[in-house]
Amino acid sequence: MAQATKSGFNAGVQDYRLTYYTPDYTPKDTDLLACFRMTPQPGVPPEEAGAAVAAESSTGTWTTVWTDNLTDLDRYKGRCYDIEPVPNEDNQYFCFIAYPLDLFEEGSVTNVLTSLVGNVFGFKALRALRLEDIRFPVALIKTFQGPPHGITVERDKLNKYGRPLLGCTIKPKLGLSAKNYGRAVYECLRGGLDFTKDDENINSQPFMRWRDRFLFVQEAIEKAQAETNEVKGHYLNVTAGTCEEMMKRAEFAKEIGTPIVMHDFLTGGFTANTTLAKFCRDNGILLHIHRAMHAVIDRQKNHGIHFRVLAKCLRLSGGDHLHSGTVVGKLEGERGITMGFVDLMREDYVEEDRSRGIFFTQDYASMPGTMPVASGGIHVWHMPALVEIFGDDSCLQFGGGTLGHPWGNAPGATANRVALEACIQARNEGRNLAREGNDVIREACKWSPELAAACELWKEITFEFEAMDTL
């Protein structure tokens, strides 16, 4: 209960909704907007819970403090301006909050997330809380560099147009020596792939130190380029235990002429990622981003952060590629939801579309796009669906789907390249890949023994599990 004091303010505890629940508020163009899915504790009204989220993620604390008189809370407080029941869910609500622009440091994803997903997620009045979406205002967007280069510049660097890019994660992910690792890279690139990739947990272990890997891989890239007359690359993972070590590895990659490096942006952190992205832009290096740890954060429907938020934040922090799921492979991803955040990664302007989980219209103010990477449990039979779903501005990455070929790495790469080229030709001729995709692959098998062997090996492989990431 609040009470007046000699210092001229009402001390004590008062309901959050008295200050932070403002249903008559109309958000400004400069406000950062957030949509939370909240599950209040029994007995807590949704208006009080929504106001508590607004307070604890902006200017509020658990009690009135006299220093409130030293600032203009009306200018700086977050405002819960709308609450909607979540369809088909008991005691769950979408809570919409507007935050004034001045609450956030320019060009800092770290600062935005510290406010929005900080202490409030441990708040006792809430049983669960999930950040579903953010609308970054253009005024804030313009303070971020974004992707080092973006999709259009990457295409020009590679001189590859009119089709998705093809990649492969080198397997086994751990245990190879640097020389054998470089051999696998060469065979895959020579067989027809555009890129190969370090797995997310390859850093600098006793069996393969980073410098040795970088040198053998660069030798493989240059040899494959000379023999195919195509630009090739390998995502050298520069993620390290410290930012200083990460930048040392990135600098060495630049010195040996590698075209692209890689970072694990969630385990490495947004501050490290933004630092690396700025370096990559300054030095003409592409930046591939892996999302290791994302499912810990985004897989539960009622608590955490949705991946569309992480994807938006990564685009602002900086990344030319980002893993996005496959829809058809072994990793989580329902089609409508996945394509919603894929559009948020690569399009300049995305309209609100609740059917795809997009709660706000987002204008990126001409910021370059991030290319989605489809990776995880995919093989040649998936190629028509992947081309139809993701389109040209994507990277299709086959790890086991390349290296698991019965004839070896290079034939596995050739099988994937033939399947891709066949699908692109069929699409350009007006054929419907969703309906005729398997026929397209079978026809291509007649003139590619490598593809025929791959199709025979993986004809029975499916990953039929219900997607958890649904509306």
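Cβ coordinates come from backbone N, Cα and C, glycine included.
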Candidates Arg209, Arg211, Arg291, the one Swiss-Prot lists with Asn119, Thr169, Lys173, His323, Ser375 as binding substrate: Arg291
Nonlocal neighbours by CB distance (under 8 Å) for Thr169 (substrate binding site), same chain, sequence gap 6 or more: Thr196, Lys197, Asp198, Asp199, Ser375, Gln397, Gly399
Which same-chain residues, if any, lie at least 6 apart from His323 (substrate binding site) yet have Cβ under 8 Å of it: Ile289, His290, Arg291, Pro372, Val373, Ser375, Gly376
DSSP-derived structure type at Arg291 (substrate binding site), helix or strand or else coil: coil
Listed recorded positions Asn119, Lys171, Lys173, filtered to Cα within 10 Å of Glu200 (Mg(2+) binding site): Lys173
Sorted by sequence, non-Lys197, Asp199, Glu200 residues with Cβ within 8 Å of centre, Mg(2+): Thr169, Ile170, Lys173, Asp198, Asn201, Ile202, Tyr235, Asn237, Met262, His290
